[in-house]
Amino acid sequence: MATIHVDGKEYEVNGADNLLEACLSLGLDIPYFCWHPALGSVGACRQCAVKQYQNAEDTRGRLVMSCMTPASDGTFISIDDEEAKQFRESVVEWLMTNHPHDCPVCEEGGNCHLQDMTVMTGHSFRRYRFTKRTHRNQDLGPFISHEMNRCIACYRCVRYYKDYADGTDLGVYGAHDNVYFGRPEDGTLESEFSGNLVEICPTGVFTDKTHSERYNRKWDMQFAPSICQQCSIGCNISPGERYGELRRIENRYNGTVNHYFLCDRGRFGYGYVNLKDRPRQPVQRRGDDFITLNAEQAMQGAADILRQSKKVIGIGSPRASVESNFALRELVGEENFYTGIAHGEQERLQLALKVLREGGIYTPALREIESYDAVLVLGEDVTQTGARVALAVRQAVKGKAREMAAAQKVADWQIAAILNIGQRAKHPLFVTNVDDTRLDDIAAWTYRAPVEDQARLGFAIAHALDNSAPAVDGIEPELQSKIDVIVQALAGAKKPLIISGTNTGSAEVIQAAANVAKALKGRGADVGITMIARSVNSMGLGIMGGGSLEEALTELETGRADAVVVLENDLHRHASATRVNAALAKAPLVMVVDHQRTAIMENAHLVLSAASFAESDGTVINNEGRAQRFFQVYDPAYYDSQTVMLESWRWLHSLHSTLLSREVDWTQLDHVIDAVVAKIPELAGIKDAAPDATFRIRGQKLAREPHRYSGRTAMRANISVHEPRQPQDIDTMFTFSMEGNNQPTAHRSQVPFAWAPGWNSPQAWNKFQDEVGGKLRFGDPGVRLFETSENSLDYFTSVPARFQPQDGKWRIAPYYHLFGSDELSQRAPVFQSRMPQPYIKLNPADAAKLGVNAGTRVSFSYDGNMVTLPVEISEGLTAGQVGLPMGMSGIAPVLAGAHLEDLKEAQQ
């Protein structure tokens, strides 16, 4: 710690910080542009000037840039010194000489750091009367709009994109006061994390193009704390709504999880919530048509049918909340509850859970991954299946340069010096996969092989680290030399990290990862293990347990069950569509509860219109076992009284109560959570994931809307001049109103949107943190359900045999895509242009045998249908395998590991 003196007052601060960080952490306001907590200091903008004095007697002082000055013990500075204030105002005026005066039409208006800093410095009058330099804007793809004339040359964008996210297609061109930030030519930004430019940029150069089409000012949107639903990582988000539509998603700061950044799937993949074809009312089949029901009719009709059924089974979902899956389990009984995922996937999920719960290896939170100094990724294409983890791995690899700089006593915020000292030095990263991955550019070595051979590599590494681990026979000398390099790197690391997951299609790969981690722990290393699952609540569903989807289908096929309730699950993604359709056709009652129109609704007798994550409350559990709560952003019925969309748990409990002819006793979310905790002790922690509905701050609920929210009385005037009462939230501590507490200093961790007096942009998160870039002042939201076990598992011993290609037979290797493989985000219209066209990948040798080239269309039969796809050639894919894009164009993820036998060139 260090003692500094600011404008005559004494403060205790972190001596490792610079003065800007220290003052912002104290709650003092210093304007800045080029500095960012995640990017460090470069002193490019000169906006953060303060007056520094030699001692208490010095009255003259000198101007220094606070972001480039350490917060040393005994420092004396003044923020309010007149010369410093005039200098800061002059800097803004210089920046404004070329900045357009277009705030009223700029999409950043009201959410703009430049506006905030201009007001903070007191600059309010323009004296420049000459020609402004102008630029041509670029088309940067479907996600981001580009308006270069607003640029103030702070260099944040290229520092984030190139130095932090390792992007290669955005740069700075020109010199002096005529520099251009963009691509060499028009085109879509290639980085999976390009959307963060929207919040990194302090002006309106980079803005959210998906928001542009249905634009609202930040102060006119309703927000709620939420969790990204597009993968298993559980990033925190702030969805914004207006007129019953999601308009944008912003990053919600969580110092333990995603801190300042999201991936593009999480930021832009919300379009499925706004689709017009979503089920909005319950419907029941009458012959070939569906008739619309109200809620009471739906419940009574369903109950009447279920009473006549001899056995009702329930099929849950990894994309439904803990509460909804539990409500289904209560409706049908624990013995009749099925997870809705394939047997193989469920087996891998349970194995991953076993490793996390009983393996005795620490599971780091997302942000902690950045602190590891050697990483082994076994089998998982992390950028496509858990992209935010990939960004964290990139920071872990860069830790080598920080170590080198620290050895020379260079502060952590001196980023230019760190990059200069490091000269691209990296901590070791080793990646195995069936083919190339997006992490290969920073990897020390990559191994492209079938999953069996990847598992064998992992087992061999574990044995080399600890000879009591099972040995692997038949390792080639060349591969053994690589294993020796990996072993040396992992054994020499202080904090090695092993990453694997369930998307590999191989339980043996997960076992190999666990063995490596156990062997490293036995050597005294502070080892961590990260498992990536498939869906937002896969871990929660795994903890809850239940039979596999195949078992559920067998119940229907044999007639043992004659009614089925399917919860938020497109079963065609988890099993053969032919088998699913045949099994559902045998059931006299098929009830579907979902917020998306899926293929299985064609077999449904009753459809209950569920609410999406934006219209409901619930709990999900991420890949590290962290329970996190998402909150309802808006009530769709407020805009359309004909809409009947309820949380799935509310539908199912209401049906259960109707079936038993009793009163509904789960009238709010807390009641469901209490029931979950009572029945499933391992989920007891979900009660602490967020405060209950009685939580108040000074007697007030928390506001979902900024206090400047406008137009509420006129929003429905086109429907009726009579303004209805605002929706009443009985489930949570939030209110659908601007009336309520929204103070940044209030004792809360669940923050709907970032705002503080004088801070309207995302930089306002500074005001909510215990120290800038640290944790939220009153703790990061969420709670870990299981900590590191004191015990450890025995070594897994089932070393697989080496993969052997078979003539006339090809094994399907899974290829995942950030844009396209996820069930929900692939429905977003804006994603269509980013999704690759369906393909089949072949090794050159296999392509030669078949007599096909790149672009040739080949066909194969699957599930009774003939599939025709264009060929792509890949040198990395091992012969005897074909690669298919999982989750796209009818290519169900369950296909991973299956075999094709009739692959041939398609008839023209």
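Every residue gets a Cβ built from N, Cα and C, even glycine.
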Q. Of C106, C201, which does Swiss-Prot put in the [4Fe-4S] cluster 2 site with C151, C154, C157?
A. C201
(Q) What is the set of residues, excluding C151, C154, C157, C201, whose C-beta falls within 8 angstroms of the centroid of the C-beta atoms at the [4Fe-4S] cluster 2 site? (A) I152, A153, Y155, R156, F181, I200, P202, T203, V205, F206
Q. Just the number: how many Å between the Cα atoms of C34 ([2Fe-2S] cluster binding site) and C157 ([4Fe-4S] cluster 2 binding site)?
A. 9
Q.
Is it possible to get the count of other C-beta atoms within 10 angstroms of the C-beta of C263 ([4Fe-4S] cluster 3 binding site)?
A. 28
Q: To the nearest whole angstrom, state the Cα distance for the pair C45 ([2Fe-2S] cluster binding site) and C235 ([4Fe-4S] cluster 3 binding site).
A: 31
Q: Quick one: pull the CA-CA distance for C67 ([2Fe-2S] cluster binding site) versus C154 ([4Fe-4S] cluster 2 binding site), whole Å only.
A: 13
Q: Provide, as an integer number of angstrom, the distance between the C-alpha atoms of C231 ([4Fe-4S] cluster 3 binding site) and C201 ([4Fe-4S] cluster 2 binding site).
A: 26
Q: Could you tell me which three-state DSSP class C67 ([2Fe-2S] cluster binding site) falls into?
A: helix
Q | Subset of binding-site residues (C103, C112, C228) lying within 10 A of C151 ([4Fe-4S] cluster 2 binding site), CA to CA, in sequence order | A | none
Q: Could you put numbers on the helix, strand and coil content of the domain '2Fe-2S ferredoxin-type' (2-83), residue by residue per DSSP?
A: 12 helix, 27 strand, 43 coil
Q | Other residues, Cβ within 8 Å of C228, C231, C235, C263 Cβ centroid ([4Fe-4S] cluster 3 site) | A | Q230, I233, G234, I237, N258, L262, R265, G266, G386, A387, R388
